[in-house]
Structures are given as C-alpha cells and as structure tokens.
Amino acid sequence: ELFEVNHFRTIYHMFIALLILFILSTVVVDCIDQGRLVLEFDLFSYAFGKFSIVLSTWICMFLSTLIIPYVLLSSWAQGYKTSSHRTIRSLFYASLYMAFQMFGLGFCPAYIVLQHNLPPASRFIVILEQVRQIMKVHSFVRENIPRVLASAKEKSTVAPVPQVTQYLYFLFAPTLIYRDNYPRNPTIRWGYVATKFAQVLGCLFYAYYVFVRLCIPLFRNISLEPFSLRVMVLCVFNSILPGVLILFLAFFAFLHCWLNAFAEMLRFADRMFYKDWWNSTSFANYYRTWNVVVHDWLYYYAYRDFVWLANQSISFLEVGHSSPACRKQCSAGVHGGARACSSAAGVIFNFILHDRRRGPIWNVIMWTSLFLGQGVMLCLYSQEWYAQRHCSLSDPTFLDYLKPRSWTCHVEE
C-alpha cells in the first residue's frame, strides 16, 4: 500500500534514475577506455559460482528439514501418552532433535561452505537458508509440543500432530511462526509475481553496478597500501554511500519483493513483513519494525521463553531455599546479573536513543548512525575479503578457519 503513494513511488523512480546513470557511466567508461562496449558480467559469474554445490546442499537441507523433525515429533507424540517413562522418552527425542539442529543444520552447511570455499553470493544463499530452516524447525517443534502435552493430560486418543502438508506449506510460507492454517487469498496474480521477481533481478544488477563503480576501484587500491588509521578512516567514509545503497537494495529486494512474490504464489494473506522503520527515532523501534518476520520469531521464542524460564528459575530458588538470607542472596545474584548484562549491552542507546524520543532530530541521529554503521561494516568486510585474497593460508584445513590465523602475505602487482 505504501508503494501506491505518489511520494514513495517518486523515491522508487529516483533509484531507477540512479541505476540508469550507473549503466550510462559504465558504458561511457568502457567506450573511452576500451574503445568498445564491454558486456562482461564476470562479477556475477564469480559471486554465484559453484551453484551446483549450492543446489545440492539446499536439497539435502530441505529434505532433512522436512523429514527428520516431523518424524521425530510424530514418533514422540504417538507414544508419549502410553509411555511409562515419559521423561526418559522426552529426553531421548530431545537429544536427537538437538543433534539434528546442531549437526545437520548447524555444522554440515557451514562445513560445506568452508570446505568448498564457496564464492560470496553462493555462501550467502547457503547460510541464509541454514538460519531460516533452523528457525522454522524450532517454531514447528515449539508450537506443537504444548499441544501434545495438553492432549496427554486430557487423555485424548489421537496425538495432535499436524499433517505433513501443513508443515510443507509452512516451510515455504514467508513467516517464521508456525500455525496449522493461515489467512489465504482467493486467487494468485501471476503478473504481480513476475513483477516482483523482475524487481529482484533488477536489484541484483543494481548491486552489481554499485560494486563495480563504487567499491572495487576503492578497495583494490586500499588493499595495496599499508594499513594505517588514515587508510581506515578514508575507507569508512568512502564506503558510506555504497553501503547505504546496498542496505536499501537488500531491504527492497528481500523484504518487499521476494517475500511478497512467495506470499502471492502461496496465497499467503498476511503481508506485514515490515513497518515504517524509516520514521524510527530509536534503534529499539528500528529493529522491531524493519524486519517484522524475524522480530516476531525473536519475541515469541527468545524473549518470551527466556522471561518465562527466568521467572521459573527465580520461583524455584525462592521456594527451594527457605532461609531469608539465602533468598536475598539468590535474588540479588539473579537481578544483579541481569542488570549487568543489560547495562553492558544497551546503556549508551538506552539513554541516548529510546522510544520516548519523538522529535525529528532523533530520526536524523538514527539515520546518521545507520549510515555510518553501514560504511564501517562494508569497509571491514571488504578489508577482510581482500586480506584473504592477497594473504593466503598455506594448506588450510577446516579448523584453520576457527582459530587465529597466521597470514603469509604477498602483494600482487
């Protein structure tokens, strides 16, 4: 609905105009320097290289995510009510589930990425799918365990396990919160789907020109200079513009186009993938609104479950230790640790940028900090990338990536 507003469409048109200027700039530079038009997208072919490994890895991840958690949940649920050792049975299946999460979805994809030295875009696809499937599996299991426990208390004859088709739909739906049923649209607008995928492809070409025109010339020169504070500062501020453009492109391509395309193909009606994060006056509000899909998962399964677990632990300590002195010591330890953790992580932004700040100046400060942060991240990641390109490890193994490295550097002419 926001993109139907003329003001938002004007911003969209401005980005298209900037893309046209990037293309014209590349054409002019090629004609002047090379004397001809060079249409070689070698950066694309490199970034998405070894795609057969990516595809086979994704297929294995998807099939294991579809089969193993569903079979484990069904087997545990069907025998839980009649089992005479419910705790032992639950611990056994929980250990299998945790082993699958840590090894099957945690270790194996990361090992494949490092072992095959996948290019940037290819490894990004694998890691993104790895995180997405870990979160989806957790939501599926977390939502169905209480139903099985409630069914056992009610002495129901049928274990309330969802159908495999409901789980399969959830694996593709643009949400991380499992439900048996979602609101659905009556029809699919295939023209809308094609438009969104075309916009994703356009964003990829946009990112290509940003890297070719703004990033590669900058970091190719910086990587050949000795590291110093001057080089670092110049790198950060020269990275702000391409970093911001990549931020906007990633947001538009994934949270708007990609998720809406899949939602339309699945007739998924809940399209609240983001809110008006650009009007945020605090980082707390920004992180709650720029990616609602991930925020909902973190809120329900990280924040609320942690609060419940903390309350249960405090209640256990207070009930288990009847001595007033002991109760005071335990309570002080729990609350002191919580205060220390929260203070260490958020004291600066808590007092500077918080939800009570409503003036426009705070939105300006938020944007300034966001722009500067994008420049810092792009600078550091690019410096590390060029360091790995010019300073190679001698006979690297998988464990070499997990420990401090001794670089053998050489500078290419």
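Even glycines carry a Cβ here, placed using N, Cα and C.
Keep in mind that TrEMBL annotations are predicted by a computer and have not been checked by a curator.
Pulled from TrEMBL:
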type	residues	note
TRANSMEM	12-32	transmembrane segment
TRANSMEM	53-72	transmembrane segment
TRANSMEM	92-114	transmembrane segment
TRANSMEM	197-219	transmembrane segment
TRANSMEM	231-255	transmembrane segment
TRANSMEM	361-381	transmembrane segment
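Note: the stretches the transmembrane segment (197-219) and the transmembrane segment (231-255) are in contact (3+ CB pairs below 8 A, sequence gap of 6 or more). Under 8 Å from some Cβ of the transmembrane segment (12-32) lie the Cβ atoms of residues 3, 38, 202, 205-206, 209-210, 212-213, 248, all in the same chain and six or more residues away from its ends.
When the stretches 53-72, 92-114, 231-255 are ranked by Cβ pairs under 8 Å to the transmembrane segment (361-381), first place goes to 231-255. Within the chain, the transmembrane segment (231-255) has long-range Cβ neighbours (under 8 A, six or more residues past its boundaries) at 15, 199-200, 203-204, 206-207, 210-211, 214-215, 218-219, 222, 225, 273-274, 290-291, 293, 370-372, 374-379, 382-383. Under 8 Å from some Cβ of the transmembrane segment (53-72) lie the Cβ atoms of residues 93, 96-97, 100, 104-105, 109, 112, 116, 118, 122, 125-126, 129-130, 133, 136-137, 140-141, 164, 167-168, 171, all in the same chain and six or more residues away from its ends.
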